[in-house]
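Colleague: I have a structure I would like to understand better, so I am pasting it below and will then ask my questions one at a time.
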Amino acid sequence: MAIMRKSHPLMKIVNHAFIDLPTPPNISGWWNFGSLLGLCLILQISTGLFLAMHYTSDTLTAFSSVTHICRDVNYGWLIRYMHANGASLFFICLYIHIGRGIYYGSYLYTETWNIGILLLFLTMATAFTGYILPWGQMSFWGATVITNLLSAIPYIGQDLVEWIWGGFSVDKATLTRFFAFHFILPFIIAALAMVHLLFLHETGSNNPLGIPSDCGKVPFHPYYSTKDFLGVIMLLMLFLTLVLFFPDKLGDPDNYMPANPLNTPPHIKPEWYFLFAYAILRSVPNKLGGVVALVMSILVLALLPYLHTSKQRSLMFRPLSQTLFWMLVSDLFLLTWIGGQPVEPPFIIIGQVASIMYFSIILLLMPMAGLIENKLLKW
């Protein structure tokens, strides 16, 4: 009789994805973040579901319903802070996952990479709509500023903004539809994550050397299931430390004040994980140009497979490209810092230089470095 996991129609899918999956024998800890993103998604959907049971998406009661969750619901404060900090954790894992993909040349699996970019856009949309829901000062003004960017689109911009708002300003209709979007998007993300995995398992995982490893693959279980579990334990320890000791460390104090359309906060800024893109947006003096730069800061990732000039896949044995990669990482940290600063000298020029560096490294310097390395190796 055949083993059930190999014959049962449902178990067979799980078996091919998580048990008998042939995996390269040398993938490092940087490959753990895919499974950790899955954990983050499950965590966010489950905590979000319990929050949605008590939340009301009405401008008059949204803020007090969040207060009610924290004060009156059993462990409501824990669920709320797990959900809020879970978003930060999600983006930390997401950015490391993308960074690993760039470093080891995983973007050459074009379908998997493009679905990954789509997942990034959807996750950003989910985080943005979620940030509006507590209806604090930063929620309201963040929604006003970011949705207003669409008015830069020629001809249809203003109509588009009013269509999204459901009126002539950010109000009850906006909050209700943002809640609807925030609820449905994670399930779309979960479905797309399955497609992401499907395409990945068509080609098999990449590895640090960037060379085919078909001759020495090992089954996923027990080797990588155990390794992933270690990552899960470490991530949960970090997460619970953040939630239980520093729950408000990554939030904005302004969001503890109810939304007031008549009073603008001194510095309107998004959550920390969007600050790099916000800095790029602000570094362009023209509104439409800023919006294009903002979208391109993420969309530029889709060009990576076509900008790959090196004969080697991974950066492991390419010191010149490695230097540029870490310059890019440093540049992103710099942009994140600038995004949280007021628009005044010297921050303006630092942001503009960092933005130019960001696009230059990806679009010009890394392809050139690949060609130089080929030349040096006489390839």
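The backbone N, Cα and C atoms fix where each Cβ goes, glycine too.
These came from Swiss-Prot, pasted as-is:
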- 33-53: transmembrane segment (TRANSMEM)
- 77-98: transmembrane segment (TRANSMEM)
- H83, H182: heme b b562 binding site (BINDING)
- H97, H196: heme b b566 binding site (BINDING)
- 113-133: transmembrane segment (TRANSMEM)
- 178-198: transmembrane segment (TRANSMEM)
- H201: ubiquinone binding site (BINDING)
- 226-246: transmembrane segment (TRANSMEM)
- 288-308: transmembrane segment (TRANSMEM)
- 320-340: transmembrane segment (TRANSMEM)
- 347-367: transmembrane segment (TRANSMEM)
Colleague: When you look at the transmembrane segment (178-198) alongside the transmembrane segment (288-308), do they share 3+ Cβ pairs under 8 Å, ignoring any pair fewer than 6 residues apart in sequence?
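Modeller: No, these stretches are not in contact.
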Colleague: With an 8 Å cut-off on Cβ pairs and a sequence gap of 6 or more, do the transmembrane segment (33-53) and the transmembrane segment (178-198) reach 3 or more such pairs?
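Modeller: Answer yes, regions in contact.
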Colleague: Between C-alpha atoms, which of these binding-site residues comes nearest to H201 (ubiquinone binding site): H83, H97, H182?
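Modeller: Out of the listed candidates, the nearest Cα belongs to H97.
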Colleague: Looking only at Cβ atoms, how many others are within 10 Å of the one on H196 (heme b b566 binding site)?
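Modeller: Result for H196 (heme b b566 binding site): 21 other Cβ atoms within 10 Å.
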Colleague: So what's near the transmembrane segment (226-246) in sequence-distant terms, Cβ-Cβ under 8 Å and 6+ beyond its ends?
Modeller: 29, 32-33, 35-36, 39, 78, 81-82, 85-86, 88-89, 93
Colleague: Provide, as an integer number of angstrom, the distance between the C-alpha atoms of H83 (heme b b562 binding site) and H196 (heme b b566 binding site).
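Modeller: Here the two Cα atoms lie 24 Å apart.
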Colleague: In this structure, which of the binding-site residues H97, H201 has the fewest other Cβ atoms within 10 Å of its Cβ?
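Modeller: If we count Cβ atoms within 10 Å for the binding-site residues H97, H201, the smallest count is at H201.
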Colleague: Compute the C-alpha separation of H182 (heme b b562 binding site) from H196 (heme b b566 binding site), stating it in Å without decimals.
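Modeller: That separation, Cα to Cα, works out to 21 Å.
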Colleague: The transmembrane segment (77-98): which same-chain residues, six or more beyond its ends, come within Cβ distance under 8 Å?
Modeller: 30, 33-34, 36-37, 40-41, 43-44, 47-48, 50-51, 66, 69-71, 116, 120, 123, 127, 130, 235, 238-239, 242-243, 247, 250-251, 271-273, 301
Colleague: Quick test of the contact rule: Cβ under 8 Å, at least six residues beyond the ends. What residues does that give for the transmembrane segment (178-198)?
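Modeller: For the transmembrane segment (178-198), the nonlocal Cβ contacts are 17, 37-38, 41, 44-45, 48, 52, 55, 57, 112, 115-116, 118-119, 122-123, 125-126, 129-130, 132-133, 143.
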Colleague: Around H83 (heme b b562 binding site), how many other CB atoms lie within 10 A of its CB?
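Modeller: Result for H83 (heme b b562 binding site): 21 other Cβ atoms within 10 Å.
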Colleague: Is it possible to get the count of other C-beta atoms within 10 angstroms of the C-beta of H182 (heme b b562 binding site)?
Modeller: 21
